[in-house]
Structure formats: structure tokens, C-alpha cells
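J.: Provided herewith is a single structure, encoded as C-alpha cells, for subsequent inquiry.
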Amino acid sequence: MAGRAVLLAWMLLLVLHSTGGVVDVTVVSKFQFIEELADTWLYCYYTGTVVNQNRYPFGLEVDTGAGRLFTRKRNSGGSAGAKSVKIWDESRDFRVGAFSCQVKSADGTIEKAITFKMKSEADVWPVAFTVTANIGDPVTLQMVEKSSRTGTLQWRKDGTAGSVLDGQTGLNLSIDSVQSSDEGIYECYYQGFNDGKQGIMRLIVRGCAENKWGPSCAEDCPVCYNGGVCDDNTGECVCPPGFHGFYCESACADNKIGTTCTRQCTDGDCTGQLLCVTDPYGCSCAAGLMGIECTTVCPEGWYGAGCTQTCHCADGPSACNIRTGACTGGCQEFWTGESCQIADCNTGTFCLNGGTCFSTYNTLHCSCTGGWEGDRCEIDKDECAAGDHICEDTCVNTPGSYTCTCSVGSQLAGDGHSCISPAEVKPIISALPDPPNSNSVELTWSLHTEHFSGDIKYYLIKYRQTSGPAEQQTIRQTSDNIRPALVGGLQVYTNYTFSIQAVLEEIVGEWSEPIVLLTEPGVPSVPRNVRLVNVSWHQLELTWGEPDVVLGPYINYRVDLYRPGGLTWVWDHGRQNYRETSLIIDHLEPATEYRVEITSYNGKYPSKEVFVEAITSDGYPTAPEKVQTNETDTACQVMWSPPEKTHGTITKYTVYYSWNSLDGADYGSFLDLVEVSPTSHSVILLKTGHIEKELKPNANYSITVAASTYTGQGNLSLPVYCTVPPGKPAKPESPVPILENITSITFPVTLQPASQQYGPVHCYHVMVVEMDAGVGVDDLPSAEQLEVRGYQETTQTNQKPHYRAYITAAWDRDSLPQSVNVGDGSRTSCASVSRRKRDDQPHFSTSNYIDPVVTNNEAGQCTHLVTTGY
């Protein structure tokens, strides 16, 4: 933003110059000091239009004794942009005074330039014809004595129409604070002798303070080079004769004059001529000339109008052009520009001893560092003698500065002025929480005076085991002045006593008060002798011993229970801390492998894990699933699926079945079972009534299944049912012969009714087997395989087998007698008796043969076997 403001200021300034600009008018007084009998000349060089004064191009500013009308004893001349007048010697005192030329520029601005002429025999001469001052500045107008006349000097302002200044009787007239009203033409002469031999000069007052311009004097003037002066009304630079440019930065070539450098003195030589331009510059000699008469060339090292500018040539004063200031060998350091007139801090080291250079209105200045002073910071300042120091103890002056020293036993602090005593760097020690490990502590500390912490080179740390021998201690140096400090290599969970001392360049501080610190707990060792034992199908017992190393304030144990497949946490009571050394883990699943993790914990760290594994014993399985029957005419197939939870290894399946008679009779309780292998999931129960574990006929069976593990049998399944229709009757009791009643042709037997458990009995048969002599029971087929025929069929057969079986008696179910005589000629009364075959009557049961009974008949001896059937 500041850069933009500067740019705008320059743009405004350039606009002012380009739209208005300084009015181009130069008045030349040729031979400003005139002899008594000599002509003299005035020239006016301008751009624009001359504004006549009293109908003449030249005018008189004030009446200095000959009036204000321009003399007619003259010769006038002129050309484009130039006016001239030759004033004859006959004009006498009219030749003395302040003469002006007034010009109107193209934009209507009217300005004038004022020049002077004096008699060479004047009693006093001015040191300079014009003096320019800023409002408020002190100013002195100076005259020099040029004659031997004596008397009282007198000063007058603004001619005869003005006033004589009371009390001003010397060659110098001083004004403490010049004001605009002080501006004017001043004359100095001896009282009573104002016969044209007075000294004449002009005071020009800028209406603003130095380097300010504008109606309110708030604007900063530009830097005007080569002797140019800032116009307090326009802010433009009014250039000295022989220079031009917005900032008067350029010299006119070929001894030219005017703002456009297009004019020149007569014959091209301005020696002995006074050149005057517009205010606030005033008058001076041409470039390269100096002195009140402008006849002296500039001495070496000076250049410009009136030789007021200092040369800045790298090769010395002789390389400087006295008119332009240009240097043949380039500019001196700190200076740049065509005339080496622009002060520049960046071209060298203007300020010595570390001073900072800055430029103010083309003047280099220095801001000196502490111990230096002077225009270029070249003078050493004795701060000690002046008391301008801050040493706590003794001050010693040095070039450009001073140093402080301290008494023996103390050390100068890093701030350069304080003195450090051992007590001031006594640490106050403390410990930081949470050190990086259990073998170290992290110490920090403060000082009684932290201001001196930067003066400490390093610290010594002294420490020992608090309960150990006093001489058993260690001193360790910290790394530079770094806090906190890590002290490692310590024993875990042990008290240590620490103290710290600061070490400086020249002294050591006092030891801190000791502090006792307990190192952090370490990692305990694992529990010893960890065992996991099966107690029952739902319990495990975990036992262990205390760890060998605790390294902490207390010890307890953390137990976690997992199933090994993926280490799934399965125990609601796990991850708790226990102080005992045994633990019953219950509510477990039977026949399941478990993994226990146990760690020691000392309040800070856990130990490594110890893993043990065990399997709970088998439990009781649940009932088999999906029990069902598949029933046919001959068998009942029982099928099932394994239990949902086996709780171990299935060792067998047991199928239980019990029955109820279809006729509702009570034949006593009955429960039987079949055991099958653990890989079988079905069993067939036959309905034939001929094999072991068969299903008996005439019953409704309730069937359940149970699975067994090594622990025992589990729950029974829900019952399923199987029905067996009436079948082969139960085997009847054998008849019992009554031996004492045997006759030659008959013998009696007693009979028992058969059980109807397997179905209702339809009829009873008594079968007789007659055997020939020599035939025994062992020669006969079983009773149920006999070819039994009716009696007539047996007697009528032509084949004479070695035995003959026939039914001798038959009764229906309700007519069975208690006894019967076999051989009395009785025949069956049962309607079902006929020729029968085994395939036609599958439900025929027989008793066992009775022992043979021998009878005698007319045919001879006959052996009879009797059995019953139904």
C-alpha cells in the first residue's frame, strides 16, 4: 500500500510538471557592478510572452533613489524569446537597483525574475544578492565593507517607499524566525550617504517549512538536485542556471541556460554576469563560476551555479566538471547520477562501525550503533565515563562499546552486564511423570534466577540408591544446557536420591536439595507351575504359583479363558484380577477343549502370557433327534439322528421298547432293549416271533432311544409306536399223562389252557404219534413239523411210515376239558380240524413231546407220543 502511495505521489508530481511547469524566464545582469562612467546591460530569456511593466519589458521592483520609471537613456533590443536593454552611463544612479522581467506562460501563469545592479564604488557589498529561507527559519543577511567610509550603517527594506529598520546598524541583519512579511529587497548604507553606493540584496521566504509545500504545507517536496529549490506553491523544483529536468537532475550542454537549455549568455560566456530565475531560487552565477562578481571559476571539488555543489568523483576533485559535476572516472561511492549528485546508501559503506545509512533530501545520514557517534559513526563513545552503561559491577570501555566485569567468585552473565553467583544458579529439582521405561527417570529443574539459564554450559547429576552406601554414587553430565534430562541404567522399582549442579564457564553453582525418586515398576515374571486340570464335565481347576520377580507394589493375576480355535473369549468371569493362586472355572461345556491365558500384574505392567489347555470330560448327551419308525408286515424299523449336543464321544445307542396287549389283558410288565454301535442310526425289530429280540404279536409297542457317552446314558427320546397284530399263539404246556390209569388201549392226560397273550386261541388239538417198535423221539421231526392228518387218513394210507401222527381230539377255545383219555376212540370236535399244512396255518403252536407212553393192544405193543397244539 505504501508503494502505491509513493507511485501516486510521483504521478501527481509529474502531472504538475507536465501541465504547468516552472515558467521559463532568466534575467541576466551583465556586469552587475558598474563603473561610474560605464554602460551596463540587462537580458531577459523566456518562453511565452513578456508582460510589460510601465509599458516596458523591464521594470524596477522598488525605488532605490532614482524612481521606478525605467530610464529612457537606453537602447532596447530583442529577438524571439529574448529581450535586452543597454543602459547608458548618462543614467547615473538609475543604473542602480532591482530590475525584473515578467513573463506569462502558455497556461496563463505569470512569473518574474529579479536581478540586481550596484556601483562598484559602493560602500558595502552583499555576500549574496539573494538569500532563500523557509518560514520560521533563522536567517542572517550579510554585507561586507568595501570602502573606507565611516559612520553608522543603516538598513532599509523595500526602497524609499519602505521603511528603515530601527536598531540595525551592523553589516549583518539577523531574523530569528523569518516570516513571509520579511520577504523583500534590503539595502544597507551609511546613514546620510544613500547616493547610489548602498548594498542591495533580496530575501526570499518560502511559505512552508523546509521540504514542505502546498496551501497547508502538508506535502513533501521532491529532492531537487544540483542546487534546485522546491517551490512552496507548486511543489516543483526551480533549477539553478545551467540545469534542467523535473528534479534539476540534468546539466545543460554547451553552457546553455533556461529550463529548456536553449539560451546562452552573449558570446556564449557568462563570466561576470548575474543570472536570476523565478522564486524561490533567486540569483547566482552561471554554472562553473562563483563570487559576488561571478568572475571566479569553481575550485577543485566544487561545481554548479555559484560553485555551491560538492563534487563526488571516484578519481578525486580534479576529475569533476565544474559546470556539470560529471566525473570522468565515475562517481564516488555513495553517489550516483549524471552529476554524481544523488546520494545513495547502497553503493558502499557510508556509515562505519555498524551504523545504518539513510538519505534525507539528498543528504546521507547515519543511525549509529550504541557505542559510536559522529556523522559517519566514526567516534567512539566512552559509556563508562559518561555513566551510560548497565554493568552490575565494573564497566570497562572498549572501541564502540564497553564490557562489564564481575568480582572474584562470580561470573559475568550472558546478558553482558549481570553477575552470577553460585546461589543464583542453584537448581530446584523435580521429576516428570511417565518416564520412557522402568530403568530411567526424567528429571527437570528450575533455577532461582531463570535469567541466567542460558549461561550454563551443562549440568552435573549426582545420584545413588537411597538405601545403598553413601559413597556409592554416580555423577553424569547432561548434554549441553538441555532440560529435561533422562537418567537411564537404573534398577527397576528402586529408590534413588538425586541432586543437580549447574556448571558455568568460570564457576559452578550450588548443588540442589536432594530429591528421592522411585523408579517405575518393571515387567514381572510369569506365574510359576501353571496347571489346568479337568474337575468334571463342566469345571476346570487352574492352579499356579507366585512369580519369581514382582518389580512392583503388589501382584495379582489376570485370567482369560478361550477356545483354541481362533482364541475366542468365552468366559463371562474372565479378564478379572485375582489375588489367589487357584481358581475353579465353571459353567463350561462338556467334552470341550479350553485354553487359559494367565499373566502376572504388578499394578503397572503385565507379564508375558502363559497358556495352558485342558479338555472337560464327557457329559450326558441330549436325546437323539428325529426318532421315527418305518413299519412293515414283518418288521418295525426304528431310525434316529445323533443328539444335538453329544457332550462327548457317543459310545452306543440303546433302543428301549415296552408293550401293551391289544386285547387289554394284563399279561405283566415288559421292557426290553437293543444296543447298537455309535455309528448306527437305526435298528430293525422283527415281528415274526421266532428270533431273539423279536417283537411279540398282539401288542402295541412304545419305543424310545438314548445315546451314551463314557460318562453314561443321556436323555431318552420322545416315544414312537409300532403295532404287531395277533400272531402265533404262545407255546402250550405239554399234556401230563396219568400213568397209573394207563390201559391196554388208552391212557389219560391232563390239559392246561394256553395263554392268549399273542392273540386269541381258536381251538385246541391233541396230536398222537404212533411209532413202530425201534423208533425213538430223536427220529421224529419237531412237533411243529409233523405231517398231521386225520385219523381216517392215517389208517387208510397204503404207505406204512415208521410213525403216524394224527389228531385224536380237538376243542374250541371255550370247551377245553381238564383231562382226556387218549385211545378211547374219541375224535376231534373242532370244526377247523381237517387236513392242514404248515403254510396254511402259520399261527399253529405245539407243546413239546411228552415222554413216550407204551400201550398194549391187539396188534401188539405200540408206543405213543402225545402233544397238544392250537
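Each Cβ is built from the backbone N, Cα and C atoms, and glycine gets one as well.
Marked as compositional bias 'Polar residues' by TrEMBL: 817-832. Feature annotation from TrEMBL assigns disulfide bond to C239-C248, C368-C377. Annotated domain 'Ig-like' per TrEMBL: 126-188, in sequence order. Feature annotation from TrEMBL assigns domain 'EGF-like' to 213-249, 341-378. TrEMBL lists 421-522, 526-625 with the feature domain 'Fibronectin type-III'. Residues or ranges marked as region 'Disordered' by TrEMBL: 817-851. Sequence annotations record features per position, and here TrEMBL assigns signal peptide to 1-21.
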J.: Which residues does C377 (disulfide bond) neighbour through Cβ under 8 Å, counting only same-chain ones at least six apart?
T.: C351, L352, N353, G354, G355, C366, C368, T369
J.: Taking C239, C248, C368 as the disulfide-bonded residues to compare, which has the smallest set of other Cβ atoms within 10 Å?
T.: C368
J.: Which three-state DSSP class does C377 (disulfide bond) fall into?
T.: coil
J.: Where DSSP helix means H, G or I and strand means E or B, what are the helix, strand and coil counts for the domain 'Ig-like' (126-188)?
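T.: Its residues fall into 3 helix, 30 strand, 30 coil.
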J.: Mind checking which residues reach the domain 'EGF-like' (341-378)? Cβ under 8 Å, same chain, six or more beyond either end.
T.: 211, 221, 223, 225-226, 249, 309, 312, 325, 331, 333-335, 398-402
J.: Report, as numbers and ranges, every residue of the chain located at least six residues beyond the domain 'EGF-like' (213-249) whose Cβ falls under 8 Å of a Cβ in that stretch; write 'none' if there are none.
T.: 9, 13-14, 16-17, 20-22, 26, 132, 206-207, 255-261, 270, 275, 277-281, 284-288, 304-306, 308-309, 323-325, 337-339, 341-342, 361-362
J.: What does the DSSP secondary structure composition of the domain 'Fibronectin type-III' (526-625) look like, as residue counts for helix, strand and coil?
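T.: The composition, in the requested order, is 0 helix, 50 strand, 50 coil.
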J.: Across the domain 'EGF-like' (213-249), what are the DSSP residue counts per state (helix, strand, coil)?
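T.: So the domain 'EGF-like' (213-249) is made up of 0 helix, 9 strand, 28 coil.
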